[in-house]
Amino acid sequence: MADVPNGTTTVSTPGECGDGDDMQNGSVLGVESMGPSHPRNAISEWQAGWNVTNAIQGMFIVSLPYAVLHGGYWGIFAMVGVSYICCHTGKILVDCLYEEDQYGVKHRVRDSYVAIAEVAWGKRVGSRIVNIAQIIELLMTCILYVVLCGDLMIGSFPDSSIGIASWMTIACTLLLPCAFLKHLGAVSWLSFWCSMVHLVINIIILGYCFSRAGEWDWSSVKVSIDIWTFPIALGIVVFSYTSQIFLPTLEGNMTRPDRFTCMLNVSHVAAAIFKAGFGWLGFLTFGFATQEVITNNLPTPSFKAVVNMILVVKALLSYPLPFYAAAELLETALFNEKAGTCFPSCYRDDGAYKIWAISLRILLVVFTLVMAVSVPHFAILMGLIGSFTGTMLSFVWPCYFHMRLKWNTLGWLTVMFDAFIIFLGFCCGTIGIYYSGYALIVALKYY
């Protein structure tokens, strides 16, 4: 996912992020809005490209060498192929936001993934299906951050008496203030600089890999496919490219929406090159000893501890974004009096949270901890999520909506390609869920 495969909006615009009043446009999450943003808050194609790059080249690239371990050259090929497919589905999803008038001029008549689903499936069914998928994706991302913190801390202090569950509990204790978040203006800046630090960490890891070039075993990368492990690798790759949910809002916030296609092409080409190179070089360096999180393979304990601690800080600062988005979706769906939902509003008249609403948000943080402790296998869980919601959100649904809404204007080659992606998404998703689920059950037996 991306760091934040988000369902409301995640627009990261360093340099334009202000206080809480700007929370819909400055690297913070807000409610999806129709049409372009206010000119004061609009973003350039470079800022939009930063958002997409930040989403698809986030922390979870640390598991890409592990994907090469299980997928070999096919895993590397998947990093390139999935990038191409996700770039295509991102374009056609945004195309579904527009309708042509009688003069052939396109007008933006929809504002979000949910709005497209409502046209294709009906307002009640469409919104529920996509919202449920979004909430699952976002909460699973939160769970993965907690699991990642535990893995990194265990890797940093392997001889410590503190177990992985205890490290996760400590991490979640630090995350409890997320329950009080009403906007993410301050966190957005911390996340931006943390992303810069993560970029430096990636350069350090690649530098170390190149320093070991003389020891690379080129023959260790497999050509054959192991059916029991390759679906896990494919799920990891798919999950790392999930960004379709926030693309409609991102395109609507651009000063020049006509540059969206070019921006998406450049960001996905860059992601494909970097991910394939990072995964390949990481595996060549550590071979069959490659761990789920590549930084745990670093040899010097002090060096590994420093790198891992920096990544733990980044994971903790990345957690509020998907958590806030998930909480907002749940509040909108269940606790919105204006929309006639089942439960009363979470807010008092002065705009502050009610006590019981804060308690529910705290329970949501605790829920992510319980799930993380129950399923402490980072790469396998990531593969399972990618096979489940990732293939639906990034492969199947965009193509289905494209054919459903644009059928009369599509050429037969486009229809065939969309149908092929749907078929591929169903196959990869079904196989990935089965084998990732089986691997998870086996792993839990020995945990």
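Cβ atoms are placed via backbone N, Cα and C, with glycine included.
These numbers come from a predicted model, not from an experiment.
Looking at 48-67, 228-247, the range annotated in TrEMBL as transmembrane segment turns out to be 228-247. Each of 129-148, 160-180, 228-247, 268-289, 309-330 was scored by its Cβ pairs under 8 Å to the transmembrane segment (351-372), and the highest score goes to 160-180. Within the chain, the transmembrane segment (160-180) has long-range Cβ neighbours (under 8 A, six or more residues past its boundaries) at 146-147, 149-151, 153-154, 312, 315-316, 319-320, 323-324, 353, 358, 361-362, 364-366, 368-369, 372-373, 376.
Taking Cβ pairs closer than 8 Å, the transmembrane segment (378-400) reaches residues 1, 5, 60, 63, 66-67, 85-86, 89-90, 92-93, 96, 113, 117, 120, 130, 133-134, 136-137, 140-141, 143-144, 147-148, 151, 231-245, 292-293, 418-419, 421-422, 424-426, 428-429, 431-433, 436-437, 439-440, 443 in its own chain, all 6 or more past its ends.
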